[in-house]
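What TrEMBL lists as transmembrane segment is A:6-26, A:46-64, A:76-95, A:161-181, A:193-216, A:236-254, A:274-296, A:316-334, A:369-387, A:399-417, A:424-445, A:465-485 (among others).
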């Protein structure tokens, strides 16, 4: 009972302090210059490093990753390396910098706005916003699921799953309604620095407590002898490649990441972040995923429906420290969810509400509507998170797969002036429908020429269906663009940035 | 012409960087070096290489790649 009081006390106190600091930081920051998004040349590299870092701190990486490393081995570290360290960085340049250049010329703030203007279509603008909000929903759910499972693990099952999920939902809404603005650069920096420090302290603490890595490795060699060898029945080349590609492409279309491409004040922000991605991946994911893997070698038993990380920390570190790590992770998830929700509300107001409902809405009414929208969205996601449709990694993958269906059509449009409005619609709708049908239609098997083949499966021969769906979307964009004439309202030169 | 060759080299470098982010030649290998699998050490080194390569790219080809002369 005393343990539970410490755990709850630490978690609640930390979340409250984070909220209060967030609100104060927002109030004392008179203009947006402190904001990462509008970061000027004055912002230091360290601050830049940690604000970028804060965007990586989600339940997916912090709890989902260690869970899968515990269950299947540490190869997810490599998936993260290909995905976030290399592929996403390259896309950050190819999509992000190009969008930044275009945004500088035409003043766009959202992806839908940019595409709608280029193709002369409000419908396209609304469609892109709608698709983005649709896939944002499971990603918000993921944070709630992660928090629920974390507190269950921390309290050894005493705090029920729904309570943890409800707690983070409440704080998400409070943060948006009271502060009304994303976290400013230095609160992100403090949170990022804190999380990185406690993660590495946890690694050292566990190593010292168990008597060194040799003990863990010999435990692993008897419990899961296949864990340390690269690859397994689960981690096939097809799985590693398709997961990494789909997520890397999906992340670029994430509202809060994609908006950053438009509103960064200087391209220096984009350049530095580009360079730092692999370092961040290394600093964050190696320790967290190793902790998950080590839990398997240390014979840790995780209660049903709980995350492994808090259980491991409870076993080898003091109660208050384990609670502090979990609280810090939840606070970081809360502030990144917050920027997710705010980007989502900006998509909703700019690309859906104003063009299709009321064009001339007053500024104060717009702010009120945006806040109500966020509260409703987060509450609905909370109820959906109670159904627990899959593991953290599965729910995350599904959301990224949906965003990834936007990426290739957008990329082709950014670089090829020959894309027509019809081509764009065909690619977006085709890719989405194909992917959606595989997510929501149950798998059926059919017999073709004596072979049993699955239909509507989430993976074919180990390849995530999101990948072929991306290819289909890209092929549709190109072929339909060749077959159709541009609409009269299209602006072909909108995406041209070069001087020649 | 010289720029063209340099551009191709950048594309090749990025392709190699991506492909060998996973040390395929260590597939199935469970050799442990200093407590960690050899393939994990490869990953650690490779991320450092990626950072160095990206840094050079921002110095040399960032704007040229987009055909702009933005500062």
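The backbone N, Cα and C atoms fix where each Cβ goes, glycine too.
For the transmembrane segment (A:193-216), the residues of the chain that approach it from at least six positions outside its boundaries are 50, 53, 57, 283-284, 287-288, 290-291, 294, 297-298, 312-313, 316-317, 321, 324-325, 328-329, 332, judged by C-beta separation under 8 angstroms. Packing against the transmembrane segment (A:6-26) from elsewhere in the chain are residues 151, 154-155, 159, 167, 171, 174-175, 178-181, 183-184, 186-187, 190-191, 319-320, 322-324, 326-328, 330-331, 334-335: each is 6 or more residues past its ends and has a CB under 8 Å from a CB in it. Counting only same-chain residues 6+ beyond the ends of the transmembrane segment (A:161-181), those with a CB under 8 A from a CB of the stretch are 11, 15, 19, 22-23, 26, 143-145, 147-152, 305, 330, 333-335, 337-338, 341-342, 367, 371, 374-375, 378-379, 381-382, 385-386, 388. Taking every recorded stretch in A:316-334, A:399-417, A:465-485 and counting its Cβ pairs under 8 Å to the transmembrane segment (A:76-95), the highest total belongs to A:399-417.
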